[in-house]
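To keep things clear, I will list the structure first and then write my remarks on it.
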Amino acid sequence: MADQFYLENIDEFVTDQNKIVTYKWLSYTLGVHVNQAKQMLYDYVERKRKENSGAQLHVTYLVSGSLIQNGHSCHKVAVVREDKLEAVKSKLAVTASVHVYSIQKAMLKDSGPLFNTDYDILKSNLQNCSKFSAIQCAAAVPRAPAESSSSEKLEQSDPPVSPEMQASDELTTNGHGPPVPKQSSQQPKGIMGMFASKAASKAQDANKETKTEAKEVMNSEKNNENLLLSGYWESMIVLFQAQCINKLKVNLDSEQEVKEEKKVEQPPLSVTEPKLAAPVDLKKSSKKAEPVRMQQKEKKRRKQMELSDDETKETENMKKKRRRIKLPESDSSEDEVIPDSPGAYEAESPSPPPPSPSPEPVLKTEPEPPPVKGSDGENKRKRKRVLKSKTFTDEEGCMVTEKVYESESCTDSEEELKMKTSSVHRPPAMAVKKEPKEERKGPKKGTAAMGKANRQVAITGFFQRK
């Protein structure tokens, strides 16, 4: 009955819980000896395969036996899958035992899951790990906690094992390894002993030299890296300093140029005025002091090259300050004829000024229609639209003149007077047209041309007011 109960437990672990059941895990879980756990697993596999030949069970076996390797006999213990069991048995010279190690539903690719299952169960039963084991040793007694702590300290204080010793330990298999060369306890005497000692000393010196050379190479590489880094930072610092110096030089040069421009802008005004005021006196003095004048001319030529930009700026500013005359678009409306009336007549509203300016302040009158006579044969007074100039200051503070059409009443006598005034106005108009040519000649004649233009505008305004 007990065996049947155990088999039911194993079936529940494998099929229902889908666990990997090893003989160690089963012995700790059920509290049975390891040999009994191995027998239980074997019985479960046999019964399950007899009942259902298509049952999905994967079994791993623990195989042990003697093996001859490199001419030496050794004892081998291996965990293999069921499909590789016969191949491993054939390699063994003598097969000592074959036991069921684990049962699981899935095929295992490696031994990792088996190790994890045994590791977890052993960790939980670490104090009683040999309770259900088949290996027993009466001399193996658990140590006291004080002794265990002292042994741990001694292990920490022991010097570490050299890698050469570790390599020699790894090469040994089951106590058999390559023969270790025995060191000669007695040194050879005479000449052979001298040569042997010299060879040993040379080998030691060679090892020391290789170590020192390796250290020197490492140190030289580090020094080179440090030198490269220091050189890089020094070059960067030099570049930043050069950039700062260039910026300071540019700022100083710009400040000096601004100062020179301010100094140079003042003398041209004072120099041009006396030239315009008294050109005859300058001609007389130039004849008397020709050698001195030649030197001054050379200096002036140099200055003129520098002041050309400033003078162009001044002329542009002067042009902006000149009066801007705006002429309205030509109106094609006919003159209106209005009969005489004793009361005062109302003037028509002026048309808006056009945007296109023109420098000609010439009065323009529309063509006069033939005089209209009344029924009594008397001439009637007629109104006429006349172009008149109006001056005002704009937002920038400049004087602006605009031409506006205004209606005026006129008779035959007034028409004759206006024809005369128009003949008087014509010569100033020609003078106004010549202004741009005079401006092109140079900045020296610009001020004189400005004065003439102002006088002509004033004269035309005076005649229009009459």
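Glycine is no exception: its Cβ is also placed from the backbone N, Cα and C atoms.
Here is what Swiss-Prot records for this protein:
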MOD_RES   A2  N-acetylalanine
REGION    145-218  region 'Disordered'
COMPBIAS  205-218  compositional bias 'Basic and acidic residues'
COMPBIAS  255-265  compositional bias 'Basic and acidic residues'
REGION    255-466  region 'Disordered'
COMPBIAS  281-297  compositional bias 'Basic and acidic residues'
MOD_RES   S308  phosphoserine
COMPBIAS  350-360  compositional bias 'Pro residues'
MOD_RES   S407  phosphoserine
MOD_RES   S409  phosphoserine
MOD_RES   T411  phosphothreonine
MOD_RES   S413  phosphoserine
COMPBIAS  432-441  compositional bias 'Basic and acidic residues'
MOTIF     456-463  motif 'PIP-box'
Q | Between S308 (phosphoserine) and S407 (phosphoserine): CA-CA distance (Å) | A | 49
Q) If you count Cβ atoms within 10 Å of each one, which of the modified residues S308, S407, S409 comes out on top? A) S407
Q.
Within the compositional bias 'Basic and acidic residues' (205-218), count helix residues (DSSP H, G, I), strand residues (E, B) and coil residues, in that order.
A. 14 helix, 0 strand, 0 coil
Q. Reduced to three states, what secondary structure does DSSP give S409 (phosphoserine)?
A. strand
Q | Whole-number Å value for how far S409 (phosphoserine) lies from S308 (phosphoserine) (Cα to Cα) | A | 54
